[in-house]
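**Student:** Once you've had a glance at the structure underneath, I'll fire off some questions.
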């Protein structure tokens, strides 16, 4: 009788794969992993397309849209769409705290491919950062909460319209408008956090809407039609608007800054804000004990440590003095694409150190 009761409980909870993880969580895990592979590769393919388009037209980083006529960029976009579809499905089966941190895998893929295909070298400590990202993600996966049982998209709408989440959404929208209309015109070309800030803030809202839409479709396919509810279509509109905004400013960030830096910083901000939004809206931590929550936070801090290493070592090149960091021009590759003339600045003094061409001359002298 005890065995039958245990089996019945497992089935009612979505099935048990291993202790502590439901079948739905496993489905979400597999979909999230495959999504990371596609998205990580898409960063590189799109970057190649952006560089090729920028060589013959106005670059995306300065407001151009010539990349829309570049087949290579569209190949990268299609690859990203495949990854996003898998990611979309993952949110329908598993909580955001489980799915979102697995984006760390896409950081590793994009960083390695950037080193191979774009000649954007990754320092040994950057590799260590990638390892830390994987360790932290694994920790979070092993202690993630079970998916909340939801029977209707109307339940998700009730969660989204509670005062706590409405306050969060209002703050996010206000911050986004300030970044777009005040900070981007002045600092967009020199401060990486501006473009990525917009992508991350809007992204946290898009994930909540994607999860709501995913749940609606999952219930519809299981026989409970959710397309008759207006909330389903409202969530769809929010998803489309957020994704268009994210793609626009992510393109600008990729075209302006080093891919190996854009990916980890975007991941850190996006994951942090998404987890916060999920905790507020879906109350993920209400179903966990303090030990599990602390362990998840330790895993997340480990991921942040990895991304910090990636960020701090982006300018280090093996064989050069550590006291004279040299930033490799992001467009100086095998295609002889023109390097940008953005001056480097000393973190301590805030003054230009040397131009990219002077840096190249300095390297030649050392060799």
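Quick reminder: no glycine exception, Cβ is built from N, Cα and C everywhere.
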**Student:** Taking 62-82, 125-145 as the choices, which stretch does TrEMBL tie to transmembrane segment?
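**Tutor:** My reading of TrEMBL: the transmembrane segment range is 125-145.
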**Student:** Checking distant contacts: for the transmembrane segment (26-45), what same-chain residues at least six beyond its ends satisfy Cβ-Cβ under 8 A?
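**Tutor:** Same-chain contacts beyond the ends: 17-18, 72-73, 75-77, 79-80, 82-84, 86-87, 89-95, 98-99, 102-110, 113-114, 117-118, 141, 147, 254, 259, 262-263.
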**Student:** Which residues of the chain, 6 or more past the ends of the transmembrane segment (125-145), have a CB below 8 A from one of its CBs?
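**Tutor:** Contacts of the transmembrane segment (125-145) (Cβ under 8 Å, skipping residues fewer than 6 from its ends): 20-21, 25, 29, 94-95, 97-98, 101-102, 104-105, 107-108, 111-112, 260, 264, 267, 284-285, 287-288, 292, 295-296, 298-310, 312-314, 316.
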**Student:** Could you tell me what the rest of the chain brings near the transmembrane segment (165-184), counting residues at least six beyond its ends with Cβ under 8 Å?
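**Tutor:** For the transmembrane segment (165-184), the far contacts come to 159, 191, 194-195, 197-198, 201-202, 204-205, 208, 245, 273, 276-277, 280-281.
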